[in-house]
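Colleague: Just dropping this structure here.
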Amino acid sequence: MAESQLVHPPLFTYISMLALLTLVPPFVILMWYTNVHADGSVLQTFNYLKENGLQGLIDIWPRPTAIAGKIIICYALFEATLQLLLPGKRVEGPISPTGHRPVYKANGMAAYTVTLITYLSLWWFGIFNPTIVYDHLGEILSTLNFGSLIFCLFLYIKGHVAPSSTDHGSSGNIIVDYYWGMELYPRIGKHFDIKVFTNCRFGMISWGLLPITYCIKQYEEYGSLSDSMLIHTIITLVYVTKFFWWEAGYWNTMDIAHDRAGFYICWGCLVFLPCMYTSPGMYLVKHPVNLGPQLAISILVAGILCVYINYDCDRQRQEFRRTNGKALVWGKAPSKIVASYTTTTGETKTSLLLTSGWWGLSRHFHYVPEILASFFWSVPALFNHFIPYFYVIYLTGLLLDRAKRDDERCKSKYGKYWKKYCEKVPYRVVPGIY
């Protein structure tokens with residue numbers, strides 16, 4: 001990535017990359033330790049580290065174990081097999097800057113469903129107890145941590161010696177290439193898409209499995225399941241199910257179509273996602289909260305409504321694109337801008353920019369219900385501790401930064417048409433505010 005392409009100043013970008021590469025892997029371990037061994041208290045963990053320093057972190061860092069390795073390998077092989085073998089509709093992704101159009105097999109919902117049924121069946125028939133995953137979670141996260149860093153090194157080397165498409169290249173800086181990645185669409189062979197595996201199958205399906213694991217663990221610990229854990233799990237599963245229902249649309253987003261496969265995306269989905277995104281449920285295992293029917297139902301309805309609005313935003317834009325701007329938006333003909341752009345190969349192409357419906361409220365309005373949904377699946381923990389809200393804070397920062405990066409990318413791509421679009425839709429994320 002050339003310096004001219006960076007959204008933030010180069011020095012800030014390089015410092016933040018180095019900070020994330022060095023600080024986020026131990027942060028994952030500290031998140032697990034705080035929830036499981038420090039009573040969910042950030043202050044308790046902070047005081048422990050203040051007292052014991054780096055040696056304290058080394059002492060609490062779980063060592064990778066054979067059982068952790070077996071769980072990870074079995075899960076990864078199972079998902080890879082489903083990705084390759086389950087039938088699915090042929091879906092074309094967006095055209096890349098080099099004019100390449102990736103082709104996918106849309107079988108994510110089938111893989112997700114088969115995985116959930118298999119996981120629950122193994123538990124129900126006494127073949128495998130999911131509480132083993134919780135009991136060895138620290139070791140699993142530690143093994144994933146180290147293994148994924150090596151996996152990202154493989155992606156870096158592959159991008160140099162055996163790229164899968166024309167969408168690859170080096171910035172000339174090893175750290176930048178390792179962090180952001182070398183390839184946009186890396187594949188093993190012709191059909192196994194690496195980013196679909198890391199982001200959708202390994203990462204997102206784990207987000208559905210772990211809340212179920214936490215439910216089973218809490219039930220075994222206390223002999224009952226708290227309504228707070230139940231509400232958290234239902235909203236989370238509705239969100240993850242929504243994701244797989246819409247998976248083909250995800251392949252048009254920044255994660256897949258613009259961010260390369262490196263530490264930022266792949267390590268994030270393999271390690272950070274299973275830990276951080278499921279952290280409210282991890283906290284609730286040992287901190288059951290009784291919400292009562294009225295509060296529980298209110299949170300549930302609000303959470304599901306936010307997930308639906310988030311889905312409807314994406315559906316609206318997807319239908320608009322699929323019908324080449326002819327689909328009705330909120331019962332009316334859509335307002336749009338026809339924008340032309342030039343690919344790196346010199347071809348002139350056009351895109352339609354939707355400026356009505358949800359997309360007339362702000363340029364990235366779909367982030368608003370997504371952030372609110374994350375709040376509603378975290379708030380069943382109430383406010384005894386701060387740690388259940390780490391994900392909400394992280395997601396808010398991530399999406400605001402992503403909105404900024406996406407705006408800069410579109411400004412560079414569409415030029416005067418993007419300026420016209422911003423005049424028509426002036427707010428970036430929150431209507432009337434930002």
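Including glycine, each Cβ sits where the backbone N, Cα and C put it.
TrEMBL lists these features:
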type	residues	note
TRANSMEM	12-33	transmembrane segment
TRANSMEM	67-88	transmembrane segment
TRANSMEM	109-128	transmembrane segment
TRANSMEM	140-157	transmembrane segment
TRANSMEM	229-246	transmembrane segment
TRANSMEM	261-279	transmembrane segment
TRANSMEM	291-311	transmembrane segment
TRANSMEM	375-400	transmembrane segment
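Are these features on the surface or tucked inside, and what are their neighbours?
Modeller: Listed by sequence, the residues of this chain that lie at least six past the ends of the transmembrane segment (67-88) yet keep a Cβ under 8 A from its Cβ atoms are 105-108, 110-111, 114-115, 118, 132-133, 136, 139-140, 142-144, 147, 191-193, 196-197, 201-202, 205-206.
Through the fold, the transmembrane segment (109-128) approaches residues 78-79, 82-83, 86-88, 201, 204-205, 208-209, 212, 216, 240-241, 244-245, 247 of its own chain, all at least 6 residues removed from its boundaries and within a Cβ separation under 8 Å.
Long-range neighbours of the transmembrane segment (291-311) within the same chain, counting only residues 6 or more positions beyond its ends whose Cβ lies under 8 Å from a Cβ of the stretch, are 227-228, 230-231, 234-235, 238-239, 242, 245-246, 358, 366, 369-370, 372-373, 376-377, 379-380, 382.
Within its own chain, the transmembrane segment (375-400) is flanked in space by residues 31, 34-35, 40-42, 227-229, 231-232, 235-236, 239, 276-277, 279-280, 283-284, 287, 289, 291, 296, 299, 302-303, 306, 364, 367, 429, 434, which lie at least six positions past its ends and keep a Cβ under 8 Å from the stretch.
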Colleague: Could you check whether the transmembrane segment (12-33) packs against the transmembrane segment (261-279) - three or more CB pairs closer than 8 Å, residues at least 6 apart in sequence?
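Modeller: As far as Cβ distances go (cut-off 8 Å, pairs 6 or more apart), the transmembrane segment (12-33) and the transmembrane segment (261-279) touch.
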Colleague: Where else in the chain does the transmembrane segment (140-157) make close Cβ contacts, counting only residues six or more beyond its ends and a cut-off under 8 Å?
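Modeller: Apart from its flanks, the transmembrane segment (140-157) reaches 25, 28-29, 32, 61-65, 68-69, 71-72, 133, 177-178, 181-183, 186, 194, 261-263, 266-267, 270-271, 274-275.
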